[in-house]
Amino acid sequence: MNFTVGFKPLLGDAHSMDNLEKQLICPICLEMFSKPVVILPCQHNLCRKCANDVFQSELSDGIAMLVAGNDRVQAVITQMEEVCQTIEDNSRRQKQLLTQRFEALCAVLEERKAELLQALAREQEQKLQRVRGLIRQYGDHLEASSKLVESAIQSMEEPQMALYLQQAKELINKVGTMSKVELAGRPEPGYESMDQFTVSVEHVAEMLRTIDFQAGASGEEEDEEVALEGEEGSAGPEEERPDGPEGTVPADMPSKVGAQVGRRQGCGAGASPGR
């Protein structure tokens with residue numbers, strides 16, 4: 001008598017009961033479901049407690065990492081704001097120094113210009129005094145000579161011979177004396193020229209055009225930028241974490257839960273959904 005045929009329905013019922021029992025038991029805590037709350041894409045069911053344990057732990061870790069990342073980013077932002085303020089302060093200070101130095105340079109130029117103008121004025125006054133003195137000397141001689149000529153002409157018209165002879169002798173002596181008077185020499189040719197006070201400023205102007213900032217100033221700014229970049233690199237990029245709405249399952253979570261379920265039950269990812 002063949003008993004195998006008679007036991008096949010019983011074996012099938014036992015297998016169905018095992019599948020039903022597996023679907024009614026949480027694959028994490030291995031206890032009966034009190035209220036299934038999550039159905040994963042891998043078709044596993046989790047009770048509320050296990051779902052909270054699995055996802056809340058991962059979410060808490062992700063939140064902690066985000067908060068730490070936000071703190072680092074905020075620290076970098078604060079530092080960059082301080083750098084901006086420092087740049088403004090340094091720029092304002094350098095503008096003041098630059099203005100003061102150019103004003104000092106202008107003051108030196110004004111002082112030197114005043115000195116040269118004063119020297120030119122002194123030379124002008126000396127030359128004018130000499131020429132004007134000569135003009136007065138020549139004028140006085142001309143006036144005396146003109147008066148002597150006038151007296152000589154009048155004496156020649158004197159009708160009385162005795163008086164004429166007496167005056168003529170005196171006039172001849174005066175004319176002789178006047179003709180022998182030596183006047184001061186006239187100014188030499190080119191005496192009126194003031195070309196010796198010509199100032200060449202082309203080389204100074206060219207030097208002023210080459211005024212520029214010192215090369216050492218840019219090195220400090222580069223060092224500051226390198227230091228800032230190094231701190232940004234140590235902070236590292238923000239690690240992306242799921243931040244979906246409450247009740248949704250992150251995309252990488254089913255694989256983690258499936259691994260735990262596989263270790264607990266040995267079932268595949270394609271298990272049938274529970275009720």
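Cβ atoms here come from the backbone N, Cα and C positions, even for glycine.
Looking at 106-134, 135-163, 164-192, the range annotated in TrEMBL as coiled coil turns out to be 106-134. Long-range neighbours of the coiled coil (106-134) within the same chain, counting only residues 6 or more positions beyond its ends whose Cβ lies under 8 Å from a Cβ of the stretch, are 184, 186-187, 191-192, 194, 197, 199. Taking DSSP states H, G and I as helix and E and B as strand, the domain 'COS' (156-214) has 32 helix, 0 strand, 27 coil.
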